[in-house]
Amino acid sequence: MATAALHTVFGIFGNITALFLFLAPIITFVRIYKSKSTEKFSGIPYVMTLLNCLLSAWYGLPFVSSNNMLVSTINGTGAAIEVVYVVFFLFYAPRKEKAKIFGLFMLVLTVFAAIALVSLFALHGNKRKLFCGVAATVFSITMYASPLSIMRLVIKTKSVEYMPFFLSLFVFLCGTSWFIFGLLGHDIFVFLPNGFGCGLGTAQLILYFIYRNYKGEPKNKVHNYAGSMETTGETEKDADRDPAKHQPDLMNKQADEKV
């Protein structure tokens, strides 16, 4: 009885943290809207999160697995939110990035449709649960792993500019809550991928606290130095052209001629 109650509590907490996780990128998209550019932000995490949400929502349905409706409700909501993000990202992305993300988006929809149709018409009972569970687990891990490219950028640039704190925080909280939910429900297809997400969220937070105060070298240092050199050169040239500079020499020459 207590285990069932805890299972429900962590499921509700998982819904809350997952909702915040899905809404966390709003800060990023406000920045994209203001700058009218996706800058160095990657659209891959949003597309992979969409696939994870679709598959997890499908897996949580009663005809696929039991006692997982809380998984379906939040992932169905998340899928709708991620579609909005992907469309918004495509609108402001440069042409090359837009083609890549759109192609990945169509691939995601194709993969989900194929998995849903196969599980619905070709598989039944435990085989359906196993098939959908494995698919959801694989792509959940892929979703959690998609920010690895951003983590690599953080290490390379020693800057957390493109790894928002709240996104990393809610990856950790969401992964942890669903990991415990899966353990209490004895569902390997829930606790396995979310255990990975918990670990990755921890790694992101560690990176954030290591590099959060790193200032780096000023970007315009070299340009400012070059500009000062050019200014100095121009000043010297202007001085050479200044008649006042040569006036003493001219007066000396005239005095010599008179003598």
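Each Cβ is built from the backbone N, Cα and C atoms, and glycine gets one as well.
In TrEMBL, annotation is done automatically, which means it is predicted and not curated.
Record features (TrEMBL):
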{"type": "TRANSMEM", "residues": "12-32", "note": "transmembrane segment"}
{"type": "TRANSMEM", "residues": "44-61", "note": "transmembrane segment"}
{"type": "TRANSMEM", "residues": "73-92", "note": "transmembrane segment"}
{"type": "TRANSMEM", "residues": "104-124", "note": "transmembrane segment"}
{"type": "TRANSMEM", "residues": "130-150", "note": "transmembrane segment"}
{"type": "TRANSMEM", "residues": "162-184", "note": "transmembrane segment"}
{"type": "TRANSMEM", "residues": "190-211", "note": "transmembrane segment"}
{"type": "REGION", "residues": "225-259", "note": "region 'Disordered'"}
{"type": "COMPBIAS", "residues": "234-259", "note": "compositional bias 'Basic and acidic residues'"}
Any contact, the transmembrane segment (130-150) to the transmembrane segment (12-32), with at least 3 Cβ pairs under 8 A: no
In contact by Cβ distance (the transmembrane segment (12-32), the transmembrane segment (162-184); 3 or more pairs under 8 Å): yes
Interface-richest range of 12-32, 44-61, 73-92, 190-211 toward the transmembrane segment (104-124), CB pairs under 8 Å: 44-61
Distant-in-sequence neighbours of the transmembrane segment (12-32), which means Cβ under 8 A and at least six residues beyond its ends: 38-39, 41, 46, 49, 70, 73-75, 77-78, 81-82, 85, 88-89, 92, 164, 166-167, 169-171, 173-174, 177-178, 181
